[in-house]
């Protein structure tokens, strides 16, 4: 009787365990004879994986589409490092830049509250009035790059000359940036942004420098090494401060878009391998300067206003912020242009830290960047704050303006 009870209990317990195991891990069971303590036989269980080929792909697909699965910028950078696309130093530099962008985003959003609107009272090297946020954003960007310990030289729109941030330049990256593009619109809460590009150090810039205020020969060589064509860029991107904070990045393998999640304080991947349309019906030019343009450019602009095969002319969209206008062009197609004119003989935008990074991004997305005659990325800078005309956007649209200007 006791033996029967023991057998019954064992079978009940065994059946419950089998059921639980089957539900939890989808395994199949095969009963084999075994022995109980009393000498009677009892079934034992052999566990084998049961593969349902029909449901496996569906399960994999479901896991990919999980609404709770997110990829942060940090995770994405680590994956790129593991794949050998970038090294550990580049990962740290890009993480530092993203931190700077988060801080600047907060400053921009709170600018009216923190009394950061208006003019600082100083003039930068370009002869432009510095906004309060220009100065603060430049300091934030510079400090984040310095604290990374992986940046050798930085060149900013707000600095007269490149700044050495480490005792030794060997193996450290060169970062060029505009800390706050479109700052003239900040008082009106219009979209602004930060632009950056990352270069590898030049072989001529591999020595320690003396700690003095004057530029010695080594520093001069390092400054020269900053002036590289955009074709040498290793990474480029921008962060747009608007209704959302958008971080756009390329490391030479396509264009990726990350959106700042205010709940977690993390940039989250929202678009991969962005491709700009081959053509577009939107143009972004400051037509207030029309009278200052040459006749060829006027003819081009007039052609955009004529009804095309569809019976509709191009649409004009101009924010006055390079980052804002470029981001729309990247997503919708079309062309953004800031040409030379009678007032600005070489254009207004800076080659090193505005035109080159944006052109690198647009080419990675299948678009084109030109000064009207040649590829932006092929132009060798002769000085840090060199200006060039810029026509950037869909391939067909940029080639169209090049034909008019030829």
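Cβ coordinates are placed from backbone N, Cα and C, and glycine is handled just like the others.
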Inset, instruction - Among 199, 300, 318, find me the residue Swiss-Prot lists at the same substrate site as 181, 182, 183, 184, 286, 336, 338, 348. - result: 318
Legend entry - Matching residue for the Mg(2+) 2 site, where Swiss-Prot names 178, 180 - out of 139, 157, 158: 157
Legend entry - 178, 181 bind Mg(2+) 3 per Swiss-Prot; candidate in 69, 306, 354, 363 listed for that same site: 354
Inset, instruction - Compile a sequence-ordered list of residues in the same chain as residue 227 (disulfide bond), six or more apart from it, whose Cβ lies below 8 A from its Cβ; state 'none' when nothing qualifies. - result: 352, 380, 381, 382, 383, 384
Inset, instruction - Determine the most Cβ-crowded residue among the binding-site residues 183, 286, using a 10 Å radius around each Cβ and all protein chains in the structure. - result: 183
Inset, instruction - To the nearest whole angstrom, state the Cα distance for the pair residue 348 (substrate binding site) and residue 354 (Mg(2+) 3 binding site). - result: 10
Legend entry - residue 181 (Mg(2+) 3 binding site) versus residue 286 (substrate binding site) - Cα distance in angstrom: 16
Legend entry - DSSP-derived class (H/G/I helix, E/B strand, else coil) of residue 336 (substrate binding site): strand
Inset, instruction - Could you measure between residue 354 (Mg(2+) 3 binding site) and residue 180 (Mg(2+) 2 binding site) for me? Cα positions, answer in whole angstrom. - result: 11
